Structure formats: C-alpha cells, structure tokens
Amino acid sequence: MNGRLNLKKRLIDIQWSFLSLCAPAFTYFILRIIYGKVLGVDGLGLYTLAFTIYMFGTQFADFGIGSALTKYIAEYEDDTTRIKDFISVGFKSSVVSGLLMGTILFLFSNLISIDFFHNSEMIYLLKIISLCFPFIAIQKTVLGTLNGFLKMKDFAFLNVVQQFFILALSIYLVIYYKMGINGTVFGFVIPTIIIGLLSAFFVKDQLSIYTRNSTVILKELLKFGFYVVLTNSTILIFFQVDTLMIGYFADETKVGYYAVAVLIVQGIMILPNAIQRINVPTIATSYRKSEYSYIEKIIKEIVLKTFLIIMILSMFLIIFGKFLISLVFTADFLPAYLPLVILLIGYTIYAPLVSIGGTFSSIGKIEIEFQINAFCALINIILNIILIPKYGIIGAAAATSISTIIIAITYAYSLKRYFRVNMFHGVQREAYNRD
C-alpha cells in the first residue's frame, strides 16, 4: 500500500480515538447531571464558568507544542534521531510555557472574577485551577507525541484513566465530603496534576538532556505552535463565547440552563472529533508522500458518512429532547430544550467539516486555519453581543448556530480555493503546491 495505513489499522485507531473522546464526554455528562441535582442550576452555572477557564488552560498551556509534535513526528517518521530531538526540546519548552500561563491566570484571577463575571466566589477557584497548568502542558505534549506516532491505544489509556479519576474523586468530594463548588474544582485539578506527571513516563525513552540544533527546533515548534495557539484561541472563543457572554450579561442560572443544551450537542460531536484526530497525522504523511488520491478518498467518504450519522442523531434529539432533559436532569432544566434545537441545526451542517478539520495544519498551512476561525469567531462575538441582551440563551444559541454554518461554508470554500478540494468531486491530484 506504498506505506499507507491499511484500513484495519485505521479503523482500530479511530476506535481508540473515539474512546479517548468518549471518556471525557461521559465523565462531564455524568458530573453535570450530579451537579445539577446536588448544587442546583446556580451551582451548575458557576461550575461551568470555572471549567470554561480550565478548558482555556488545556488549549494554551503548552503553547501549541503538542500539536506541533504531532505534525513533525508524522512528517519525519523515518528519521528517529530528528524526532527524538523535537520531542526533547518540545517537552522542556512546554513546561516553561505551562508555568508562565499558570502564573498569568493566578495573577489575574481577581480581575477575571470580579470585573468580568461579577462573582467573588470564582477568585479562589481560578487560583486553584492555575496550579495545574504546567501539568496540563506536560500531558498535552505527551498526547501530541503519541498522536504523531499513532499510538492511539496509549493515547486513549491516558485520557480514560484521567477521566475515571476525575469522576471518582469529584463524586467523593461533592457528595460524600460535601465540599460543594470547591469540590467540583479540586475534582479535576488533582487528577490533572497527577496524570500530567505520570504521562511523562510514556515518552521517557524519547527524551534526552542534550539535543542537536535546539534553537532551530525550538523556533520551528514555536512558529507552528504560535499559529496553533491563535487557532485554538479563536476556536475556543468561538465555542465558549456564548457561555461567557451569558455569564457576563445574565447570571449563573442562565448559564446552567444553557450548559445542558451545550452538553447534549457536544455529545454528538464526539464522532467527528475522533475522526479528525486520526486524519491530521494521516493526511500529513500522505501529503508528504504525494498520495493525493488517498486524501481524496478520505475526504469524500468521511464528509458524507459523518453528515448522515449526525443528521440521524440530531433528528432523534429534536424529537425526544424534552423527554431526555426531564429524565436525565429534571424538569427544572426544560428551558434548555429550545436552545438545544437551535444549536442542532447549525451543528448538523458543521459536523462533517469537523471530521476533516485540521487539513490545512496537517500540511503546514495552519495560518489558513487561523484566518478562518478568527473570521468566524469575530462574527460569533458580534452576534452574541447583539442577541444575548435581548433574547438571552435563545439569542446565544441562534448566534452560535448561525456562526457554525458560516464556518462550515467558509472552510469548504477555503478547501476548494487553497487545497482544491471540492466537497462533491474530491481532490484534484495536480492541486498541491509543496512550495
């Protein structure tokens, strides 16, 4: 197969990737049900705001070095010495980055809590969250390395163990130790620190104290990582701005309602995200080997199949959404149903593009990913500012749904323009310019 991943290996990798995404989705689905019942709508809303800040940490703590390693490991798969140098430099740099990001959050926790969210209770929570940023950076670097090697079994193992730890500890602290909202934060901070430390053992054989061309490698990692950070920041803003704006314009009660709608939508996005995680190193390797027909096959099949699956799931949730919300969360959360329906409209169109997301970054054109996401994030921010004050969580859902449709159209157009991908006719083999 000219070095191409065979179908069986690819399916196994997707299964492990799917498991690694299912684990956190399952954990936070169960925890939000528990928090909704134990802490109420207000408690769930406050937890959601704190956890959103934690999510920013998972994206920025390593300054994109983990994602850069995924690309370079796949790109230099035949040069083991060069790969080892990249991993060693990346690991050291990510620790420094994590310390810096954690310090920034610690110092600005008062400003974020009081001036933005108008909630003094968040100050302590954010200071605790800041402590785990260096360990997030370590784990992100290790996961990026494992993803580059396509060691998806180890990748999934780390994620599953961490999520099980978070689930068990959080339940103990909140229900049995009755720590309330503080228990929810310690429930994910402590496992993050411990698993972050233990994850280093998965790459210990790839680490060395002295590396060749450290400065050159660091520049390459930071250059790529810079665009990863920019892209991830726009993506995170894109998907979290609605929650943050509700917290700013309304209160934690409305955040609690909206969190339920978002949680359900995130559940159906597990599959396209799992597929994307495999596609990035696969497309990078295939592009380097000029296997354009294989890339064509991947894109055409994945987009169609993802759309059909998500369409079926969305219709099911629209029909049975009220029943499921009442059954799982209680009838107090029924105001989440209409935002859920509105969000599903946008995400059904957006999901197929998620499954092939990262295509530009996999061939080194991550600046295009950033431009697309920055443009759509700006639109989403503007729409949320306009709609939330007047329509509340309905306006937030409408703003996000419209924005997801826009980003899907923009991404499809950009693939056709820059990568010469046509969603209906595939990839033109002569289309790639490696310069």
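Every residue gets a Cβ built from N, Cα and C, even glycine.
Just so you know, TrEMBL annotations never went through curation; they're auto-generated.
Feature annotations, courtesy of TrEMBL:
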type: TRANSMEM; residues: 12-35; note: transmembrane segment
type: TRANSMEM; residues: 47-74; note: transmembrane segment
type: TRANSMEM; residues: 95-117; note: transmembrane segment
type: TRANSMEM; residues: 123-143; note: transmembrane segment
type: TRANSMEM; residues: 155-177; note: transmembrane segment
type: TRANSMEM; residues: 183-203; note: transmembrane segment
type: TRANSMEM; residues: 224-249; note: transmembrane segment
type: TRANSMEM; residues: 255-275; note: transmembrane segment
type: TRANSMEM; residues: 307-330; note: transmembrane segment
type: TRANSMEM; residues: 336-358; note: transmembrane segment
type: TRANSMEM; residues: 370-387; note: transmembrane segment
type: TRANSMEM; residues: 393-413; note: transmembrane segment
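Packing against the transmembrane segment (224-249) from elsewhere in the chain are residues 45, 48-49, 52, 55-56, 59-60, 62-65, 67-68, 71-72, 116-118, 255, 258-259, 262, 361, 364, 366-367, 369-370, 373-374, 376-377, 380-381, 384-385, 388-389, 392-393, 396-397, 399-400, 403, 407: each is 6 or more residues past its ends and has a CB under 8 Å from a CB in it. If you look at the transmembrane segment (255-275), the same-chain residues 6 or more away from its ends with a CB under 8 A from one of its CBs are 14, 17-18, 20-22, 25, 28-29, 32, 36, 40-46, 48-49, 242-243, 246-247, 302, 306, 309-310, 313-314, 317, 321, 324-325, 329, 333, 335-337, 339-340, 343-344, 347, 351-352, 354-355, 357, 393, 396-397. Taking pairs at least six residues apart, the transmembrane segment (47-74) and the transmembrane segment (123-143) share three or more Cβ pairs below 8 Å and count as touching. In this chain, the transmembrane segment (95-117) lies out of contact with the transmembrane segment (183-203); the count of Cβ pairs under 8 Å, excluding pairs fewer than 6 apart in sequence, is fewer than 3.
Panel annotation: around the transmembrane segment (155-177), residues 16-17, 19-21, 23-24, 26-27, 30-31, 34-35, 38-39, 139, 142-143, 146-147, 183-184, 186-188, 190-192, 194-195, 199, 202 of the same chain, lying at least six beyond its termini, place a Cβ under 8 Å from a Cβ of the stretch.
Here the listed stretches are 95-117, 307-330, 336-358, and the one with the most C-beta pairs under 8 angstroms to the transmembrane segment (393-413) is 336-358.
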